[in-house]
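Feature list (source: TrEMBL):
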{"type": "DOMAIN", "residues": "B:9-102", "note": "domain 'Pseudouridine synthase I TruA alpha/beta'"}
{"type": "ACT_SITE", "residues": "B:Asp52", "note": "active site, nucleophile"}
{"type": "BINDING", "residues": "B:Tyr110", "note": "substrate binding site"}
{"type": "DOMAIN", "residues": "B:143-255", "note": "domain 'Pseudouridine synthase I TruA alpha/beta'"}
Number of protein chains: 2
Amino acid sequence: MRNIRMTIGYDGTDYHGFQVQPGVPSIQAALIEAIAAITGETAAVHGSGRTDAGVHARAQVVNFVTSSRLPADRWCQALNARLPNDIVVWKAEEAPLTFHARKSSKRKTYCYTINGNRYPDPLNRRTEFHHPGSLDVSAMREAIRHLEGEHDFTSFCSVRAASESKVRTVYEAQLTQTAVEGMESATGVGRLRLFFTGNGFLYNMVRIMAGTLLAVGEGKLHAAEIPRILQARDRALAGPTAKPYGLSLWSVEYEL
Amino acid sequence: MRNIRMTIGYDGTDYHGFQVQPGVPSIQAALIEAIAAITGETAAVHGSGRTDAGVHARAQVVNFVTSSRLPADRWCQALNARLPNDIVVWKAEEAPLTFHARKSSKRKTYCYTINGNRYPDPLNRRTEFHHPGSLDVSAMREAIRHLEGEHDFTSFCSVRAASESKVRTVYEAQLTQTAVEGMESATGVGRLRLFFTGNGFLYNMVRIMAGTLLAVGEGKLHAAEIPRILQARDRALAGPTAKPYGLSLWSVEYEL
């Protein structure tokens, strides 16, 4: 048996998330089907994490164990020929049998993209949240720093989150601001990207952090309130859950 | 009567080009319909130029004359509320009655985007041409310089081009190379962008220049052959017409 580790990207718009669910399209089901077409086997495909319905990925990592003898460098082409064009396998390599895309992962980075111009960018409308109202970007910069570090993120996860411990470490939280290219003269703050790198993220955690930072940008919350919201461990105090389509799983890191 | 000048962006994927054609969707028809819904008038909407079926725009400029008294700064919101979400008006201002989006334009910039990685980027598949084979980027850089300047571009336009004179000036032709973000470790040359700024472009001219540069990248043509191809005034000597969906009208400049 061999363990194949792959890096995949997808446009999540037309999927009900990563995980297999009966009767609806999912990334995992599409992968299982394409692998079965090649190997005749129904493989268990493990992802580094589930992405919600509508969430995208630049570099999701998955693995599966197979008896197929297809060389590692042939999997990309073989699978891409069978996958729909909104899912792409762009790296495949053989991994030790002990490798597990979720259990072995050390750090993950997510990116939440906000188009803060007055009018949306039609060419990126599937992958960014459009916020036409004014945003105080320096307040958002101040707020995002309070999310870095080891915290109990109970206030920043869905009340439906199953994890026992809500303590996670956000190693890095950054806001970048760039013009929407080709629309440099458009009115507004341009494109904001919120990058979060952590050892793990609770259910809806990135979307709630993004929604809370948007509330800070709108002046509905003060940046200085973030520490108190964290301490309160009360989901009701943080901002709303931001729309899924602005979110992308950016990268997953493993120990060598 | 007032002359309204607008800057619009669109995802051209689902349109048969800018220009009205009977029985098929076009950008111009969508604009005329949305303007009519506001004013009750069927306006003549002039674009800075036609874009082909499947070609996009970041900053296409259009104008129309209307008797409506709607202030210039209200047109964006009013039209965007009525337009499909793949067309966005992001700037509107009042212009002198003598202003004409095409006749008054001085310089236009187009961008042709090539993803030169082995596997495509699912999140940008509508707006870039995927070229999985190897490309000699330095040969392409050398070739693109030969396209700058005033030339007879007969070899670089469709034999169906109607213009009498095929002489045009390309003020600037540039190739940029960046990583496909989030996929930095993917195999290949990354994302190449070909920017062409000129006083006007003949039918299919940018797509033929892009196709010719791709032929140079593939080693099918030498960069040094470009001057000879220009001089020959023979469409058969240049490369193929590149796919429309990699092309975007980037900006249009006018004299102040």
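Glycine too: its Cβ is placed from the backbone N, Cα and C atoms.
Because TrEMBL annotations are produced automatically, they should be read as predictions rather than curated entries.
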For the domain 'Pseudouridine synthase I TruA alpha/beta' (B:143-255), the DSSP helix/strand/coil residue counts are 35 helix, 35 strand, 43 coil
Work out the three-state DSSP category of B:Tyr110 (substrate binding site).
-> strand
If you run through the domain 'Pseudouridine synthase I TruA alpha/beta' (B:9-102) with DSSP, how many residues end up as helix, strand and coil?
-> 25 helix, 26 strand, 43 coil
If you average pLDDT over the domain 'Pseudouridine synthase I TruA alpha/beta' (B:9-102), what do you get?
-> 96
